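A quick write-up on the structure given underneath.
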Amino acid sequence: MTAVPKTATTAHTTFPEQAMPRWQRAVLKVGSSLLTDGKGGLGKRNAAALANLIARFRDQGREVLLVSSGAVAAGRGVIASNGVGLAQRQALAAVGQTPMLALWQGLVEQPVAQVLLSHDDLRNRRRYLNARATLRELLRIGALPIVNENDTVAIDELKLGDNDNLAAVVATLVEADVLLIATDTAGLYTGHPVQDPDARPVPRIEEITPEVMLMAQGGAGSLGTGGMYTKLEAATKTAAAGIDTALFCGHDADTIAALGEDRLRGTFIPAHGDRLVARKLWLRHTPPSGGAIRVDEGAAEALSGQGASLLPGGIVSVEGDFCRDAMVDVLPARGHRRLARGLVQYDSAHLERIAGCHSRDIESVLGFHNGESVIRRDDLVLLTPAAAAATPELFTETL
Ligand SMILES: Nc1ncnc2c1ncn2[C@@H]1O[C@H](COP(=O)(O)OP(=O)(O)O)[C@@H](O)[C@H]1O
Ligand SMILES: N[C@@H](CCC(=O)OP(=O)(O)O)C(=O)O
């Protein structure tokens with residue numbers, strides 16, 4: 001981490017305003033630099049403006065998840081410690097996590113929900129899927145998930161290392177349309193904005209090449225962790241997952257107001273290709289559970305002809321034991337040629353009980369429901385010859 005004087009004068013031109021593509025679900029990442037008061041504690045000013053932005057997005061009928069740093073910085077405000085060792089940072093994070101959360105709860109009307117994730121959680125498939133289910137449920141009930149790295153259990157080699165990369169993984173996990181990264185500079189410059197007097201704004205990056213990464217070698221600010229480097233790493237991940245990324249200044253009122261109207265003053269990194277195709281590619285690489293669902297002709301036709309979700313009414317039988325969110329094959333009532341594969345919303349035992357039922361009866365049969373579909377269309381990859389012809393990019397490897 002390179003400490004950089006924030007007061008140095010620079011002669012950069014400003015970032016031009018550009019239209020943001022429409023989005024419905026965003027992950028907003030807020031860096032430590034925006035949440036401190038300059039005296040070693042938490043500061044409310046920027047958080048208040050960003051909380052208003054979240055409220056505005058919600059009024060527009062859109063969903064936001066927050067990835068918030070600031071636990072370590074908040075901890076330093078509680079116990080005066082200059083410790084920089086791993087155990088000291090972990091202790092500070094543990095002390096500061098609650099005040100950080102309380103800061104946000106004091107600023108938003110929604111209930112806030114603490115979500116602490118570690119690298120291990122996201123590498124373990126069951127925990128990854130469980131985190132996904134919890135985050136979806138939090139959005140459904142109108143809570144604001146506030147994600148941070150689980151600093152107390154993370155150990156150096158395993159740490160995601162920074163909340164920029166964590167935010168990218170969360171955006172992929174919840175299938176966000178856009179990752180919004182609020183930081184203390186206006187966006188990416190061609191060089192470090194304080195150290196390099198010739199640095200110029202970069203409003204758009206089509207591809208994050210090694211040359212682009214070189215622009216971000218200057219390190220982080222005195223409070224941040226990864227600087228622009230980790231923001232570009234994050235954007236590389238999101239772009240590959242079909243998610244747009246925007247970097248903007250989280251302490252500039254005009255920039256925040258413009259973003260509330262879908263105008264970006266900062267750096268935009270567009271997704272590569274279509275999100276659905278990226279998602280389906282990801283699905284194709286999800287290991288199968290060995291389980292299968294057999295469906296009647298009507299359901300087979302609805303899946304392959306209309307790209308519909310799989311409803312319980314079309315299920316003829318269930319084969320194998322699998323848990324919720326497992327990857328299962330969809331087969332015709334007889335035969336072994338797979339029609340599709342997808343992630344199930346119900347485990348095999350519950351599916352057996354609702355097979356053949358109308359979706360509206362799921363709750364009365366099971367006493368709960370995880371939604372009307374057994375496999376949602378976005379969680380389903382068709383394996384028919386017609387699907388192969390329509391989306392050849394999904395069929396470049398043998399299944
Ligand atoms: N090319 C660059 N363009 C903009 N900022 C850069 C660049 N290279 C390094 N930086 C540094 O990255 C900092 C933002 O990252 P960081 O300090 O980690 O903030 P955060 O806490 O928001 O994650 C800027 O304040 C700046 O010091
Ligand atoms: N998990 C740490 C934040 C680590 C981090 O990535 O910080 P930042 O670069 O400010 O986003 C904390 O809450 O202090």
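Cβ atoms are placed via backbone N, Cα and C, with glycine included.
Taken from TrEMBL, the feature ATP binding site covers Lys29, Thr183, Asp184, Thr225, Gly226, Gly227, Met228, Tyr229, Thr230, Lys231. Feature annotation from TrEMBL assigns substrate binding site to Ser69, Asp151, Asn163. The domain 'PUA' annotation in TrEMBL covers 291-375.
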Original post:
Expressed to the nearest Å, what is the distance separating Thr230 (ATP binding site) and Asn163 (substrate binding site) at their Cα atoms?
Top reply: 9
Original post:
Which binding-site residues from the list Lys29, Asp184, Thr230 come close to ligand 2, meaning a Cβ under 6 Å from one of its atoms?
Top reply: none
**OP:** Tell me which binding-site residues (Lys29, Asp151, Asp184, Gly226, Met228) have a Cβ under 6 A from ligand 1; sequence order is fine.
**Re:** Asp184, Gly226, Met228
Original post:
So what's the average pLDDT for the domain 'PUA' (291-375)?
Top reply: 93
Original post:
Apart from Ser69, Asp151, Asn163, which residues in this chain have a Cβ no more than 8 Å from the mean position of the Cβ atoms of those residues at the substrate site?
Top reply: Ser32, Ser68, Gly70, Ala71, Val72, Ala93, Asn148, Glu149, Asp162, Leu166, Thr225
**OP:** Measure the Cβ-based neighbour count of Asp151 (substrate binding site), defined as the other Cβ atoms within 10 Å of its Cβ.
**Re:** 21
Subject >> Integer Cα-Cα distance in angstrom, Lys29 (ATP binding site) to Asp151 (substrate binding site) >> reply: 17
**OP:** Please report the DSSP secondary structure of Ser69 (substrate binding site), reduced to three states.
**Re:** coil
